[in-house]
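Chemist: Pulled from Swiss-Prot, these are the listed features:
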ACT_SITE  ASP164  active site, proton acceptor
BINDING   VAL14, GLY15, ARG16, GLY17, SER18, TYR19, GLY20, VAL21, VAL22  ATP binding site
DOMAIN    8-332  domain 'Protein kinase'
Amino acid sequence: MVSSQAKYELIQEVGRGSYGVVYEAVVRQTGARVAVEKIRCHSPENVELALREFWALSSIQSQHPNVIHLEECVLQRDALAQRMSHGSSSSLYLELVETSLKGEITFDPCCAYYMWFVMDFCDGGDMNAYLLSRKPSRKTNTSFMLQLGSALAFLHRNQIIHRDLKPDNILISQGRTPAGSPEPTLKVADFGLSKVCSGSGLNPEEPASVNKCFLSTACGTDFYMAPEVWEGHYTAKADIFALGVIIWAMVERITFVDVETQKELLGSYVQQGEDIVPLGEALLENPKMELNIPARKKSMNASMKQLIREMLSANPQERPDAFELELRLVRIACRELDWDT
């Protein structure tokens, strides 16, 4: 990492995907552990993903315990590197923005461009692996749904639509668990598909205004995508649907096997013969379809069942917004001790 060799020491690679590599690192001065993600900006797709992540995380003016925190971002071209800032006018930054807007490389392809993200280090893997490696626990389910509800309300309050909520993109931090808490801390991460809506002419002082920001790019992971995302006309209510898929799957331990990776994943779906169909796709075809909730348990708390049904409504107007959702999750967890039965 060119500009920060004296500041960070890369320890080991902890993850690798199609867009980049993640390392465990330490801050030399303090010994604190951080995660360093290196994204190679060699294609318009990679550039757009990296910029979206930077724009979303750098737009947040305060920290939230359940949202990954961006310490800094460094942009590197060959041996030249500089710390990025929101709204930068540097030539390196503007070249990447132009590439993202035009959908084609606008800089010298012989140059090696990288974006380095320094973020919280999460030592517990992702939510999917964590839950599936343990027996179901009401305490864990309660803790996780409250943390996720709080995180989503925070993001929407900051005009950020995540657009790819799924257990693989929710990290586990066991080392930073609050004192007295028996459960680990969740961190919503991977903002490569996110959208910041504050620049769309909306009133940033109006908490629910993010739900009036209409988007048209169909993106995300199919088993967590809302019906309207498949159509290409949606708002932040698509995040509510995705969280509904996650919570329902978590409570009942509903899983499926990804065809490409053969990995077992948490996620609710519709069974059609021998095939499993994403909920959003099935509801798009049949908006009046009744979801079989609970699917595996003999019974489910009436308040929880009703909330999941509303979160997974085919009509986004019938879903609670993130602020109502957060309050209802707290109410269910605190007032109804049998919610997970």
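Placed from the backbone N, Cα and C atoms, the Cβ positions cover glycine too.
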Chemist: On a simple 10 Å Cβ count over all chains shown, which one of the binding-site residues VAL14, SER18, GLY20, VAL22 is most densely packed?
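Modeler: Buried the deepest by this measure is GLY20.
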Chemist: For the residue listed as 'active site, proton acceptor', which residues of its chain lie six or more apart in sequence with Cβ-Cβ distance below 8 Å?
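Modeler: The list for the residue listed as 'active site, proton acceptor' reads ASP190, GLY192, LEU193, SER194, CYS219, GLY220, THR221, TYR224, ALA242, given in order along the sequence.
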Chemist: Taking the Cβ of ARG16 (ATP binding site) as the reference point, list residues of the same chain whose Cβ is under 8 angstroms away and which are at least six residues distant in sequence.
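Modeler: Spatial neighbours, sequence-distant, of ARG16 (ATP binding site): VAL22.
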Chemist: Averaged over the whole of the domain 'Protein kinase' (8-332), what is the pLDDT?
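Modeler: PLDDT averaged over the stretch: 91.
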